[in-house]
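One structure is given below, encoded as structure tokens.
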């Protein structure tokens with residue numbers, strides 16, 4: 001430095017001492033400067049004061065020489081001390097050169113700068129608040145300084161500044177938040193610790209309402225929560241916990257909608273840094289749970305995003321039990337928000353609603369979403385779904401039904417989706433069909449194929465929920481439509497006669513079924529045809545559950561009608577055998593069995609005829625149907641025709657099963673009728689016919705023993721009065737043409753024989769036959 005240069009009002013001795021390498025000499029110079037400035041203050045000579053500060057700043061603090069810079073720093077601090085309460089008038093000139101030295105490469109100089117600024121701030125106190133942002137910016141850099149002395153000095157200055165902010169009521173939070181939002185994305189641990197400590201302080205000041213600006217810093221807080229430092233994570237958890245307490249205490253002023261997407265993002269765990277992200281996910285899921293409960297329908301526009309985050313968590317194991325429980329609570333609370341009012345047209349709902357003005361979207365929301373999108377990449381969230389509200393008009397909160405259905409459908413299609421998640425998806429679909437049937441039926445054609453495919457799921461519970469959804473689709477009045485087109489029924493096999501309204505009016509108690517009922521039955525049978533393992537393993541289970549969920553009579557009537565036109569005769573026979581077993585053995589079919597047992601009404605006779613025509617695909621099932629309906633003479637006539645059929649091992653096994661059924665509680669009434677030989681001769685003849693069909697087997701012995709218990713076998717002859725009795729019984733069933741039914745049986749069995757012979761001719765392994 002040129003010592004001959006004029007630095008007045010600084011004396012040459014002061015200038016020389018300020019440039020000295022010894023701290024003690026620079027300190028003496030500082031005391032001289034302090035005395036000089038005090039004189040100027042006493043004289044109210046502000047021009048000279050500014051001149052001194054300018055010289056110290058430009059010629060010393062910003063000098064190229066390190067010792068000069070040190071002298072300038074201590075000199076500026078001395079000026080501040082001399083100015084006292086008047087230092088506020090010169091703070092910019094005092095602070096700026098000191099902050100510049102924060103970037104110096106010399107750690108000792110950075111320490112002196114920190115010391116100088118401490119003295120300046122200590123004197124000015126609240127007057128420094130207008131310059132808070134530049135002070136905070138400088139301190140945030142020193143917080144990550146590698147030198148421990150500098151870091152220690154910055155901590156002292158930091159504590160002083162926090163005390164000033166805490167005791168003041170003039171802190172400009174609006175001006176500070178943009179800087180805070182920028183700095184909160186720092187990856188440096190010390191910088192993060194510094195940021196968190198400041199948020200904690202500001203949050204604790206009663207006059208500072210940081211909650212209003214939480215949407216702008218919440219994303220950054222969740223990213224800090226994923227820090228590798230346990231201490232930083234603990235501090236961040238504490239801050240987030242305090243914010244959540246404040247939210248729960250005063251929910252009316254919280255901008256829930258602006259923070260919903262932030263939580264959606266952080267509720268979804270990326271693969272990177274999985275252990276820390278688990279904490280982020282649990283915390284954000286806890287927040288989401290509280291938000292849904294506190295904000296209610298305000299979060300509905302974000303429901304698709306919430307479900308994207310929540311649904312996968314429902315399949316977590318006990319290692320993430322807390323997250324799973326929080327997700328379950330979110331899911332349950334969100335589901336409760338959907339009401340029948342959501343089924344109204346948007347125009348209707350808007351005219352009815354008069355929401356509070358505080359639900360209007362913030363102007364900053366778009367900018368916030370942009371910053372969120374940018375920040376995702378830095379923390380491994382680049383592949384995570386981000387959702388925008390269903391409607392930008394928050395004045396009328398509407399359900400994002402299209403988005404929800406899209407999310408649910410995607411989870412059903414994903415083979416990796418866990419069982420509990422699949423169950424939750426199906427519960428959602430069922431709930432939506434109950435609450436918003438009119439809107440949901442617009443999505444039914446796209447959902448229907450996947451719902452049918454879900455019947456092949458490994459879990460019984462999933463299948464049960466799936467059947468509930470399908471049953472609701474099939475029975476909902478909202479599904480009434482004139483269109484007969486179906487999802488996934490382009491195959492010629494499924495171009496069947498869809499029963500009209502008369503088919504649904506089988507009995508006064510039969511509920512009306514919509515067009516999807518028949519589409520469902522057609523597609524269900526088609527699926528059984530394509531997946532024989534499904535029919536074998538789950539067919540009876542599925543049909544029995546449907547009989548509980550829907551009207552059993554409708555199910556059997558429609559399936560019989562469809563099977564009547566089935567071209568795959570082998571499948572038709574197998575399906576009839578399955579349906580017949582269900583009809584005869586399932587507790588769910590008790591009422592239907594009673595309806596068929598007597599055939600006293602026109603409706604029951606019509607049902608019998610419908611079932612009979614399809615049951616003809618399986619001769620033994622047809623006989624068992626006749627036994628159930630007490631058509632013993634017709635059963636006997638059918639058994640007489642068995643001699644013309646191709647008797648296979650499978651056929652005899654079915655006869656064996658029928659004998660076992662006759663011994664079961666289902667046919668108790670039939671066995672008791674054996675006591676009345678006089679009025680049931682054809683029952684006995686039919687049973688003897690079965691006996692003659694059987695080889696010498698256990699079933700043969702069983703039936704033979706039963707028939708040996710029949711009293712007075714000589715009375716089995718058909719007498720004239722018995723013919724009258726039988727005739728009288730048939731007169732009670734005027735709607736059944738038994739001769740025509742017998743002819744139909746012959747035609748169906750002829751087709752089966754023809755197909756069997758064709759198959760035998762093409763195959764080297766024909767059906768097993770008895771020679």
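Cβ from N, Cα, C; glycine included.
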* **Annotated range (Swiss-Prot: region 'Disordered') out of 252-292, 293-333, 334-374** => 334-374
* To do: Report, as numbers and ranges, every residue of the chain located at least six residues beyond the repeat 'HEAT 3' (171-208) whose Cβ falls under 8 Å of a Cβ in that stretch; write 'none' if there are none.
  => 129-130, 132-133, 136-137, 139-141, 143-145, 151, 158, 162, 165, 216-217, 220-221, 223-224, 227-229, 231-232, 235-236, 238-239, 242-243, 246, 371, 375, 378
* Structure fact -> Model confidence over the repeat 'HEAT 2' (89-126), as mean pLDDT, sits at 95
* Structure fact -> Helix, strand and coil residue totals from DSSP for the repeat 'HEAT 3' (171-208) stand at 27 helix, 0 strand, 11 coil
* Report, as numbers and ranges, every residue of the chain located at least six residues beyond the repeat 'HEAT 2' (89-126) whose Cβ falls under 8 Å of a Cβ in that stretch; write 'none' if there are none. => 46, 49-50, 53-54, 56-58, 61-62, 66, 69-70, 72-74, 76-77, 79-81, 83, 134-135, 138, 141-142, 145-147, 149-150, 153-154, 156-157, 160-161, 164, 167-168, 170
